[in-house]
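Here is what Swiss-Prot records for this protein:
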- Cys3: S-palmitoyl cysteine (LIPID)
- Thr64: phosphothreonine (MOD_RES)
- 75-351: domain 'Protein kinase' (DOMAIN)
- Ile81, Gly82, Lys83, Gly84, Gly85, Phe86, Gly87, Ser88, Val89, Lys103: ATP binding site (BINDING)
- Tyr148: phosphotyrosine (MOD_RES)
- Asp201: active site, proton acceptor (ACT_SITE)
- Ser235: phosphoserine (MOD_RES)
- Thr236: phosphothreonine (MOD_RES)
- Thr241: phosphothreonine (MOD_RES)
- Tyr249: phosphotyrosine (MOD_RES)
- 361-381: region 'Disordered' (REGION)
Amino acid sequence: MRCFSCLNTQTNDMRINIDTLSDLTDYASVATKIDPRGTGSKSGILVNGKVNSPKPGGGARSFTFKELAAATKNFREGNIIGKGGFGSVYKGRLDSGQVVAIKQLNPDGHQGNQEFIVEVCMLSVFHHPNLVTLIGYCTSGAQRLLVYEYMPMGSLEDHLFDLEPDQTPLSWYTRMKIAVGAARGIEYLHCKISPSVIYRDLKSANILLDKEFSVKLSDFGLAKVGPVGNRTHVSTRVMGTYGYCAPEYAMSGRLTIKSDIYSFGVVLLELISGRKAIDLSKPNGEQYLVAWARPYLKDPKKFGLLVDPLLRGKFSKRCLNYAISITEMCLNDEANHRPKIGDVVVAFEYIASQSKSYEDRRTARKSTDSNRLRRETKQSY
């Protein structure tokens, strides 16, 4: 039996046999029995064509509650960098000097023991440049804490919505770069792992950013193993965030990897429009982003009405048209008609590269015009 050695059923702690867990932790048992890609492996999870044996907490360190209290100055309110139904996230500094983000789960919150276990299992097995790195965890009494690498720029929603007066809006290129990073993270879960993993909680709040605006997907407590063998979907209780859930999943609990594609389409719409998936402060008819955008998505002549005014027209119209066309495909009500994530990655890599070229040309033109104006001003004297 493989288990978290720090967890003990004789106290308030948990002891976990990963071979009998449900949800994503079923990966341990499912992956040892099934290899739908035909390699014949029976000893673990296929990641990038190689077998990974699930070892919960494998690369993650077990922290004491005292260590994490010291790192956050006793969970001082001034150290809080995020809050939600799950609890609070604190900025902390470990004894080694490493700056980290520490998520303290609320015992009465939305994220319970099961989701905690799923997240530790998942981030201990799966590693990718676009997935957040789990440094460690703590299970002391009723306390459940997760320790992640610190992302200095916060989440995507911090840079799209309710900006401070002195805050610079994201450029078009940066938005497309973020779309590429998020898509690559999803591609890893869908295509590089066997069986596939359905993220189930893709939203702007879970897209973290470093100083270069490179993406790290976070919060995997709701992740689910995708359908295997001849199964077309997974039937499960509806979880996730309202406004991002695919219609077939929200209505019937039928979950597939295409459910993530729909959620990605909502994020794309947020990137393009600068609007929230749900914003009850908007007038009636504009509160639900997808419903508001539908008429514009179907008419290329109205694409411009979707664009965030803060972009001030500083983007290639051709790149905008491409991005909106793909967004519309991702938001198709019919799951089977949504694109594969691999195709989405290729498309947005192209859009991002073209957007960068456009931005570079625009900057060069601006510099040339500025130099010419300076020369003309000097000559006039």
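Placed from the backbone N, Cα and C atoms, the Cβ positions cover glycine too.
Annotated pair Val89 (ATP binding site) and the residue listed as 'active site, proton acceptor', C-alpha to C-alpha distance, rounded: 18 Å.
In this structure, Ile81 is the one among the binding-site residues Ile81, Val89 with the smallest number of other Cβ atoms inside 10 Å of its Cβ. Counting neighbouring Cβ atoms within 10 Å of each of the modified residues (Thr64, Thr236, Thr241), the lowest count belongs to Thr64. Taking each of the modified residues Tyr148, Tyr249 in turn and counting other Cβ atoms within 10 Å of its Cβ gives the largest count for Tyr249. Thr64 (phosphothreonine) sits 22 Å from Lys83 (ATP binding site), taking the Cα positions as reference. If you check the recorded positions Lys83, Gly87, Tyr148, Thr236, Thr241, Tyr249 against Asp201 (active site, proton acceptor), the ones with a Cα inside 10 Å of its Cα are Thr241.
Gly87 (ATP binding site) counts 20 other C-beta atoms within 10 Å of its own C-beta, drawing on all protein chains shown. Cβ neighbour count for Asp201 (active site, proton acceptor): 23 (other Cβ atoms within 10 Å of its Cβ, all protein chains included).
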